[in-house]
Structure formats: structure tokens, C-alpha cells
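*Asks:* Marked as 4-amino-2-methyl-5-(diphosphooxymethyl)pyrimidine binding site by TrEMBL: Gln339, Leu340, Arg341, Ile342, Lys343, Asn370, Ser409, Lys438. As annotated by TrEMBL, Mg(2+) binding site applies to Asp371, Asp390. The domain 'Pyridoxamine kinase/Phosphomethylpyrimidine kinase' annotation in TrEMBL covers 16-266. As annotated by TrEMBL, domain 'Thiamine phosphate synthase/TenI' applies to 322-490.
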Amino acid sequence: MQESSKPIVWSIAGSDSGGGAGIQADLLTFADFGCHGCTAITANTAQNTTDVAAINAVPLDVLISQLATLQRDLFPAAIKIGLLANSGQVAAVAEFLRALLQIKKIPVVYDPVAVASSGAALTEGGIGETVIEMLLPLCDLITPNRHELELLAGAPVGSAGRIVAAAQQLCAAGCDALLVTGGHGELVEGEMADLLWDSGRADWFIGEKIPGDNNHGTGCTLSSAIAACLALGYPLRDACVVAKAYVQRGLRQGKGEKIGSGAGPVGHCGWPSELRDFPDILLPSEDRAKAYGFSDTADKFAFEQGFAPPDTSRLGLYPVVDSVEWLEKLAERGVRTLQLRIKNPGGDLRQQVEGAVAIGREYNLRLFINDFWQLAIECGAYGVHLGQEDLQSADLGAIQRAGLKLGISTHGFYELLLAYRYRPSYLAIGAIFVTDTKDMSAQLQGTEKLARMAALLPDYPLVAIGGISLARAPAVAATGVGSIAVVSAVTGAENYRQAVEQFQAVIEN
Ligand SMILES: Cc1ncc(COP(=O)(O)OP(=O)(O)O)c(N)n1
Ligand SMILES: Cc1ncsc1CCOP(=O)(O)O
Ligand SMILES: [Mg+2]
């Protein structure tokens, strides 16, 4: 298989002669995400913004010859499937995919297009059974709207509970995950809510409803954006929130266009770089979750938002160390932000935290205690640093009431948005690079993705962590984050004093 300089993404879908949906929308989307799009056309639809005049399904040999030719030279990093016009096409594509996925496992996203936004049917009736039997088991994600979900599940989906039940039912039938889009009907007035059902877990992504008619092609665009993000190596949840933001940006920026006399195309407006286009990730502990049947009665603590801000949004060099001795040595060198991170505590843990707090007071440090939030409160620390898994078990209200600053670890767009809901004192993003300090190999971000995340929160205190050496620090600082957290680059340096000076010079410049 030849390596390509851009990820290759295939769209197996219909052509929309009106240029708003189908293959035409898919190619615009792939280009916006820096991917090379290839196509296998299933139907040459004759449509404009008001009407679908004909579907014109291509014969099976025409469809398969496109796929086979692409496979010989342009092997994909991900595949998006859209309109399949009849059961024969579903079966042929499924058979082709089964063989392709044996050569290499790549993500497959299927948007089960059934009806155009004008209301016209796009597929032959009765393809649902073949889809469920042959295609769903090969898909990593399907992205039905509520109407398509209803057709596939054969049950009404008029409430949040029924949407979840239908998603569960389809996952039991074989597909890995579903993103049920909510653009066509509000469960809560003014909110467009998508449900991601993945591995038995529900996530609700809530976006603001954008008034306007230019929404033709939103489903095609969403599924293509997800496929592109998966081709770029993003995990599924990151791919879904970035893709939703891309569509939201297209709806917002495209609403003033006038193309045709009916529903105009959604805009394709480049990478979503503004936070306002990203969805709120619903938290089960917040009141608003009740309307989506998403409240978790087992949640011990109420949702808390808004933690004390640090005195600056640029926290600078942030060494993370495992002893009071290191804290003192680094404080003496003029480091202001520090963390005590003890992973295997002995009987002297309280003493260590008390000692750390005392050094913090003496040198006027921004001193964070990792993990041990109760001790941090009891000893009067400046702040506490918590991981994602701590957000359910820690009493965030107690941290807030005690006036402690709160830093939260995140690993990608989804977790960044989720942690941002709490409005903590800072957000940490990692791991940027491979590191020997902690196995983060499944959560590597890289500087390109870091820069995209940092652009969403330009004035917020952001910390980059993981594998950051002095040589890599300039590229990290150039992403816009105001702080670089390091373990080994300082505590493992031959000359820690020199390392501190050099890091500080990079960050301050
Ligand atoms: C500044 C900073 N960022 C991230 C981490 C990691 O915290 P967490 O995810 O809780 O993992 P552990 O450090 O507890 O292993 C951190 N400590 N500091
Ligand atoms: C604690 C932690 N969390 C994410 S990466 C990491 C380790 C960072 O250590 P290093 O700076 O030595 O790579
Ligand atoms: Mg932790």
C-alpha cells in the first residue's frame, strides 16, 4: 500500500446535481479537513433545492468497478457511506467492504440516507433488513437522523428515552456506535441535541438552533467530517464533536446565502475554530439533563461551575514533582507554578502535603496538589489537579467553597469541552508527545491538534503536558498555550538549574 501525504477518504454515495448534498458536499468537507476525497457514485440523482426528480441508481457492476479501481491505488484511511439506492447496492457494498476490511481495518461511517430534506424518498423501500443484516456489522458508526432511526429500528422515537432505546436496539444488531442527529426536531426548545450511543454509554451534544433554511446536506456533511477526523486519527468522541461544530459553523456562516428557491446548501467554511460552534456536552449531574432523561441519581455531588481563576492566564513553566525537596529547589530558582504529584503515597503523605503548602506560602507559589483533594483542602493548598476519572468521585463543591483553584486533565476535544463545562482554573491538555513517565500512548495529541484546541480558548489558562523536552518546547509554546508542564525534562535533567532557565526563556519569548 502506497503512503499518501494526505489521508485518503472514500465517499460511497449519490451525486446531488444541485450541488448541496451527497458526493458534492462530501468532497468539500474532506478538503476542509485536509483529506483527499475519492468517490464511488451509487446514484446520479436529478435534484435541485426544491425537488428530487429522479434517483438513477447506477448498475452494480458500475458501482463495484469504481471501488475496485480505488482499492488498487488509493487505499482509504476511512470510508463514508451515504445513499445506497437499493438492496442490491447494500449487499454489494457490504460484500466489498468485508473483503477490504480483512486487508486492513479502517473506520467506516454510514449515514443511512433515506429521505431528502425536501421530504422525497431516496431509497427503494425495504432496504432496512439488508442494511441491518449485512452492512451494520461492518460499521464503526452510523449517523441516522431521528426519522432514519425510526425506519431502521421500526419503532417511534419521539422522546429522549425512545431514542436511546432504538440506538441500543441497533447496536445489539451489530453496529459499534450511533450518532443520532437532532436537527429535525427539538426535545428542548431552541436546542439541537445529538445522541452518541457508544459501548453502552450515552452522550448528549447540545447545540444552539440556528434559524434559516440553508440546511441541505447537513447529514452528508456531518458524516463526512466524522470520517475525515477518523482518518486523521481522532478518537470517535473527538471526531463527533469536531464534526458537529463544523456543521454548526456551516449553518451559521451559510445562513445568509441565497442559492435556489428552496433549502439552500449548508456552508463549508473551513476548520471549526470558534468555541461557539462546539456543542455543550451534557453532564448527568446538571439540572438541564433531566429534560433528556440523562440525570444520574447515583451521582453523589451536584454540578458545580466556576472555580477561582489564577492571577494570570499564562502559568509559565510548570514542573510536576514528587517531593517537597524538589518544590523548594525549584521555588528557589524562581519557578512560580508547581505541582506535588505523589503516585505511591506512604504513611507520611499528610506531612508531605503540609510541607508543600508551607513552601508554597513561603515562596508565594501557585502550588497544586495532584489527586489528594481532601488533604489539599484540609492543608489549605493553593489548588488541586484532578484527572477526568476524578470528576465524578471528587466533591468539586467542597473544592470550590474552600476557594481552591482547580486544574483538570483533558485528552482531546471531547474531554476539553467536557472539562470546560466546569469552568476550572486551568485546563491541561496531554499527552502532547510519547513519554516514559506515564503510559499515554493511546492519548497522544501532537502539536497540530494542540494548536486547534488552544485556538478555541485563546484567553483561558491552558497547560500542555507529556513528553515535552527543551527541544520540543518552542513548537508547544507556538500553539498558544500559556504553560508547559514537565516532569522528566526538569527532574531528570543533568543540570536542572540550566533546564529551568532554558524552559523559562522559551515560554517567556
Ligand atoms: C498539569 C497536569 N496535567 C495533567 C496531569 C495528569 O493528571 P491525571 O490525569 O490525574 O493523571 P496523574 O497525574 O494523576 O497520573 C497532571 N498531573 N498535571
Ligand atoms: C502526568 C502526566 N500526564 C500526562 S503526561 C504525564 C507525564 C509527563 O511527564 P514528562 O514531562 O516526563 O513527559
Ligand atoms: Mg490524577
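Glycine is no exception: its Cβ is also placed from the backbone N, Cα and C atoms.
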*Asks:* Rounded to the nearest Å, what's the C-alpha distance separating Asn370 (4-amino-2-methyl-5-(diphosphooxymethyl)pyrimidine binding site) and Asp390 (Mg(2+) binding site)? Just drop the number here, would you?
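*Replies:* Between the Cα atoms of Asn370 (4-amino-2-methyl-5-(diphosphooxymethyl)pyrimidine binding site) and Asp390 (Mg(2+) binding site), the distance comes to 11 Å.
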*Asks:* Checking the binding-site residues Gln339, Leu340, Lys343, Asp371, Ser409: which ones have Cβ within under 6 Å of ligand 3?
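*Replies:* With ligand 3 as the reference and 6 Å as the Cβ limit, the list reads Asp371.
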*Asks:* Quick one: among the binding-site residues Arg341, Lys343, Lys438, which has the most Cβ atoms sitting within 10 Å of its own Cβ?
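*Replies:* The residue with the densest Cβ neighbourhood is Arg341.
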*Asks:* Among Leu340, Ile342, the binding-site residues in question, whose Cβ has the most other Cβ atoms within 10 Å in this structure?
*Replies:* Leu340
*Asks:* CB neighbours of Asn370 (4-amino-2-methyl-5-(diphosphooxymethyl)pyrimidine binding site) within 10 A?
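*Replies:* There are 20 such Cβ atoms around Asn370 (4-amino-2-methyl-5-(diphosphooxymethyl)pyrimidine binding site).
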*Asks:* Please list residues from the chain of Asp390 (Mg(2+) binding site) whose Cβ is under 8 angstroms from its Cβ, counting only those at least six apart in sequence.
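*Replies:* Asp371, Trp373 - these are the non-local Cβ neighbours of Asp390 (Mg(2+) binding site), listed in sequence order.
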*Asks:* Rounded to whole angstrom, what's the largest C-alpha distance between any two of Gln339, Leu340, Arg341, Ile342, Lys343, Asn370, Ser409, Lys438, listed as binding 4-amino-2-methyl-5-(diphosphooxymethyl)pyrimidine?
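*Replies:* Largest Cα to Cα distance for the 4-amino-2-methyl-5-(diphosphooxymethyl)pyrimidine-binding set is 16 Å.
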*Asks:* Can you give me the same-chain residues 6 or more apart in sequence from Ser409 (4-amino-2-methyl-5-(diphosphooxymethyl)pyrimidine binding site) with a CB-CB distance under 8 Å?
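*Replies:* The answer is His385, Leu386, Gly387, Gln388, Glu415, Ala419, Ala428, Gly430, Ile465.
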*Asks:* Between 0 and 100, where does the mean pLDDT of the domain 'Thiamine phosphate synthase/TenI' (322-490) sit?
*Replies:* 97
*Asks:* Checking the binding-site residues Leu340, Ile342, Asp371, Ser409: which ones have Cβ within under 6 Å of ligand 1?
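*Replies:* Asp371, Ser409, in sequence order.
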*Asks:* Look up Lys438 (4-amino-2-methyl-5-(diphosphooxymethyl)pyrimidine binding site) in the DSSP assignment and reduce it to helix, strand or coil.
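*Replies:* DSSP call for Lys438 (4-amino-2-methyl-5-(diphosphooxymethyl)pyrimidine binding site): coil, neither helix nor strand.
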*Asks:* Which state, by DSSP, holds Lys343 (4-amino-2-methyl-5-(diphosphooxymethyl)pyrimidine binding site): helix, strand or coil?
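*Replies:* Note: Lys343 (4-amino-2-methyl-5-(diphosphooxymethyl)pyrimidine binding site) is coil by DSSP, not helix or strand.
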